[in-house]
Amino acid sequence: MPKYFDTHAHVNFNAFKDDADQVLEDCLSQGAWVVNVGTQKDTSVQAVEMAKRFNEGIYASVGLHPMHLFSQHVDEEESSFHTREEKFDSDFYTSLANSPKVVAIGECGLDYFRLPSGDEQAIKSKQRDVFEQHIALAAKSRKTLMVHCRDAYDDLHKILKKERSKVGKVIIHSFIGGLEDARKFIELDCYLSFNGIVTYKPRKELKPGGSSPQLYEVVREAPMSRILLETDCPYLTPEPKRGQRNSPLNLSFIALKIAELKKMPAADIARQTTENALAALELKTV
């Protein structure tokens, strides 16, 4: 069994264009397994092709991020880029999902934090519709659902409560919601995945660059059986590496912070979250 499992990484992104395979080889040599997550057609294909170059320990998730449903400029603390509008091509993603190296569908979901200009209700409605198409694909392909959510936990809960029985495992990636949000998703048997944000100093209000005011309490209360680790690299580099390119090799810093909050040995956090990841992604070790 690997020591760590990064359930949500983007080594398939351009930030790693010169050394992606070397980074992944280093991860494997240090006992870390990785799921590279696609956010649209190109990055989904890259995630699958990357996974196929490794026998074990490197996997892919394929899907269309809600940001890529529209053309817009995104400018945040750790990234600035333009999204390219795409339509969700179910046949295309179904074909990709047929690969045994694909363990999840997504990154899909709702993002009300970065809405483009236009009819807000129509934009949100389109996000919800495409998310439900991903749920249908996850159900058909019998893959785990990899969910992105920002400023939309109420709508996400409504959809998952209605559709939950259709899919097997559900991962809420980069969870930054409050205690009540966490409790609702745990009741729906979802996994909550935490990244470098948990190492940041909490802020009174949720803003880019800080952690949720309630995030520490969420980590303390969440059952260990529902917690996963991720990096979301190359973004959200944990302290004390903040300011550098993130990679799955930084998982230990996230595990250390969760261990501090849980008052548990870091080795136990690593072991339990890895066991959780294997279960969440329905993977078996040799």
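Backbone N, Cα and C atoms are what each Cβ position is placed from, and that goes for glycine too.
According to DSSP, Asp232 (divalent metal cation 1 binding site) is assigned to coil rather than to any helix or strand. Among the features that TrEMBL reports, divalent metal cation 1 binding site is placed at His8, His10, Glu107, Asp232.
In the three-state DSSP reading, His148 (divalent metal cation 2 binding site) counts as strand. The local packing around His148 (divalent metal cation 2 binding site), expressed as other Cβ atoms within 10 Å of its Cβ over all shown chains, amounts to 24. The divalent metal cation 2 binding site annotation in TrEMBL covers His148, His173.
Across the fold, the C-alpha of His8 (divalent metal cation 1 binding site) and the C-alpha of His173 (divalent metal cation 2 binding site) stand 7 Å from each other. Taking the Cα atom of each, His173 (divalent metal cation 2 binding site) and Asp232 (divalent metal cation 1 binding site) are about 9 angstrom apart.
Neighbouring residues of the recorded divalent metal cation 1 site, listed in sequence order and excluding His8, His10, Glu107, Asp232, comprise Ala9, Val37, Thr39, His148, His173, Ser174, Glu230, Thr231, Cys233, Tyr235 (Cβ within 8 Å of the Cβ centroid).
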